[in-house]
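Below is one structure, written out as structure tokens; the observations come after it.
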Amino acid sequence: MQTTNLSYILGLDLGIASVGWAVVEINENEDPIGLIDVGVRIFERAEVPKTGESLALSRRLARSTRRLIRRRAHRLLLAKRFLKREGILSTIDLEKGLPNQAWELRVAGLERRLSAIEWGAVLLHLIKHRGYLSKRKNESQTNNKELGALLSGVAQNHQLLQSDDYRTPAELALKKFAKEEGHIRNQRGAYTHTFNRLDLLAELNLLFAQQHQFGNPHCKEHIQQYMTELLMWQKPALSGEAILKMLGKCTHEKNEFKAAKHTYSAERFVWLTKLNNLRILEDGAERALNEEERQLLINHPYEKSKLTYAQVRKLLGLSEQAIFKHLRYSKENAESATFMELKAWHAIRKALENQGLKDTWQDLAKKPDLLDEIGTAFSLYKTDEDIQQYLTNKVPNSVINALLVSLNFDKFIELSLKSLRKILPLMEQGKRYDQACREIYGHHYGEANQKTSQLLPAIPAQEIRNPVVLRTLSQARKVINAIIRQYGSPARVHIETGRELGKSFKERREIQKQQEDNRTKRESAVQKFKELFSDFSSEPKSKDILKFRLYEQQHGKCLYSGKEINIHRLNEKGYVEIDHALPFSRTWDDSFNNKVLVLASENQNKGNQTPYEWLQGKINSERWKNFVALVLGSQCSAAKKQRLLTQVIDDNKFIDRNLNDTRYIARFLSNYIQENLLLVGKNKKNVFTPNGQITALLRSRWGLIKARENNNRHHALDAIVVACATPSMQQKITRFIRFKEVHPYKIENRYEMVDQESGEIISPHFPEPWAYFRQEVNIRVFDNHPDTVLKEMLPDRPQANHQFVQPLFVSRAPTRKMSGQGHMETIKSAKRLAEGISVLRIPLTQLKPNLLENMVNKEREPALYAGLKARLAEFNQDPAKAFATPFYKQGGQQVKAIRVEQVQKSGVLVRENNGVADNASIVRTDVFIKNNKFFLVPIYTWQVAKGILPNKAIVAHKNEDEWEEMDEGAKFKFSLFPNDLVELKTKKEYFFGYYIGLDRATGNISLKEHDGEISKGKDGVYRVGVKLALSFEKYQVDELGKNRQICRPQQRQPVR
């Protein structure tokens, strides 16, 4: 079912894990005339949901740990082979085991000759436990708490070794750590027993010297040299050329590498960007800085370490009424926030001044090119030697040495130094970055694509660093191309990007917190409203609550007249009105900050004027003065006060600002589609990114209710609204609102009126895209039989029922990935695995009551068990609080952890089968049919890693060794991955939904409704047994949720 003759607008609603889409047909004037198709695409967000961390972070850390362990093991292997070649140790010695008093032997080696096996044990112990070695002088100035604790421990122990009490780290460990604390090694989370590797090297050299003096024949120079190399070798940090390979090239100068963030030019670019973009709101008017103000500020960040908004206010001599645009005044002491901080500039200055090189700094500060070289060197290179080599012959050695003690830079920007040096002179003149780019390069985003294509090309990953955004845009591209294949090229594309898209996890949490605060305030207002109007028959509507909130914000006064508002008459028709202070027809501003509660009698003649115009602010009338005093004395936010006191408005600029989403993601996608995708609309610009507030307004005025929590269909609802927000629709709404503002009584009495400009008849009803719009949209989005219902409910709109009408089916992106974590991190003892039991050591600070009940030897140590139980009860079963102070047995021995038993029916054997870890995730489930019954074979990541294709199917409530073998009598049907679409028929029920996962204990699978409808199953999820199912099929579904086909039988695929 394809068509290429359709003229349509494609509407998209993009979220962090969803793409809602709608195809809306338009006429020759590009007015929306009908809904052709609609749908939703759901996918997993590209981050860890609970923490917002990158999905790759845990794998990267685990990989780093594995490499560290592998390098240590390889180092020990090299040492053992060398000691065997030198005749110090034999294979038998290594098999039988070396002496385990290595710490004592290291001290004894200073006093007597060690035997060959003792000497070998000492050398291997030093190679294995070789402390920490820093490659940078300034590493102690880190913000990393863990690294700071490690360096503190290293420094403290180094200081102790400078005294005459301890000759070597081993002697310090025995005489101090073991004696005073009862242990030598670091305990959980502590680094107080960590040594500097250079101190261990000194111990190694001293041991060789002493053993040579005692006549040990295994102290030859080449042995000492080789052991020293093993002790001190460290993989070089990624530096210089290696970083450049990963760095990427400039947005504009394609052959140039990106510039370091801490170069002078990069910091100057950031400063000029902030300076030239700074906007001040005063008397409601918005303005940029003039040249005199720019010159007042331009050198200030170089003179002081930070420039705050409060300092900017003082330097510019701004009035109390003036505020800074985009600064959140809801926070306490908002203007104490930093406006600009030149971190690299002041870091270099302080480093030189602290070493007595103030004059040198004053000379260097006049040389931007040298400062660029310094910023580049300390960002690219990670060892003192490499940095010194790069800067030699560029800056004096005294400067290099001073900087090495203090500087540690990283991070790069998207522009190169070559590009910056072209752009900065124009920005010095006050031009914005985009203006400078257009003048130099002809385009803001780099070289523009001169040729569009019918399908949208892949999203350039190098330009979108945020993985969450990149996944959303990539999924949106798939949807766009699928729609184009079905319906041909669109005339226009309208895109709404969710407020959270492009925000960091922290910012999204702040938005969520703000929304929760707003919800709390609304709920409080609802409660107060109900208490005040106890005879109110129904639940208060949003408009009722809005009136009440505005009443409280305005101290119960009409802002236009200053008269008291009788709170008991708030619900009385015709008594008060909610007015757009700045007329909606001129601004399209429907925000809370543009709404005031006024007496209806005072609002009759305002029309579509601003308060400044209506109250004759131009001549500073008494009415205007009273209005200003009432606004300034209200509880309105600073931004709202500015809005209400606006004196001059540029209608086109206001409308453009309030209609269009100007955030980076919206701008990027808009430009990318405009430049790369063939659009057949008649306008020059056929991509529109509406502001989310406008979408919410239209959705509300068109009577479309968005229930986010119930299911995923609401994304489609927004996409339809976005598609219908055409320029012509905006004009119709503007004319209607203007008519309503000027002639409110005619709207109330449902009179029609002729627009004097266009001659068009203005309906007394809020404009809709087409007749029966609300009913048709609700049927298409929410009804499972739209064709039938459309015929029954909308007989007067037969064109609503066409060949493309079908139930909305949410498409979900399946997860085919088979790599990942092999097993869970915790390793348990496997000694009793044959009994189905593993033993785990649990720190007391994590000992919950249920774990205590499974304590090993509970019957043999009743006093210990009773003591632990009593301590937990004393602190309300909170182990962290209960064992914050040490716990001792009756004999005085401290207990830090206990062993507990756990049921272990399966797992992964590790550490030469001495340990067992729980399985990680099931990445694939293979479905078989045998004797007319269905069987499920789970495949885990560790099996994929080892190339094992398991053949045992789950038997409910049985151990894995009792599972059923899928032999020649079993037939493979298909493989299931998360979010695969399946159809399941049992004797009693029918399921058609997405596969979520498998319960290996019961053999049941979990299925989710395609739209996530929470009223079905248990929160939208069904748990179903498949063994006795009548039929079980897997389906393939396209990105649009339209083409759903049974997967054809295929051979079982290997895991690797």
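Using the three backbone atoms N, Cα and C, a Cβ is placed for every residue, glycine included.
Among the features that Swiss-Prot reports, active site, for RuvC-like nuclease domain is placed at D13, with the record citing sequence analysis. Shown in sequence order, V19, G20, W21, E496, G498, H715, A716, D718, A719, V722 are the residues of the chain, 6+ apart in sequence, with a C-beta less than 8 angstroms from the C-beta of D13 (active site, for RuvC-like nuclease domain).
Taken from Swiss-Prot, the feature active site, proton acceptor for HNH nuclease domain covers H580. Take the CB of H580 (active site, proton acceptor for HNH nuclease domain) and look out to 10 A: across all protein chains shown you find 21 other CB atoms.
What Swiss-Prot records for D13, E496, E500 is Mg(2+) 1 binding site.
Residues or ranges marked as Mg(2+) 2 binding site in Swiss-Prot: D13, E500, H715. Secondary structure from DSSP puts H715 (Mg(2+) 2 binding site) in a helix.
Across the domain 'HNH Cas9-type' (504-659), the model assigns an average pLDDT of 84. The feature domain 'HNH Cas9-type' is assigned by Swiss-Prot to 504-659.
For H715 (Mg(2+) 2 binding site), the count of additional Cβ atoms within 10 Å of its Cβ stands at 29 [all protein chains shown].
Of all Cβ atoms in the shown protein chains, 28 besides its own fall within 10 Å of the Cβ of E496 (Mg(2+) 1 binding site).
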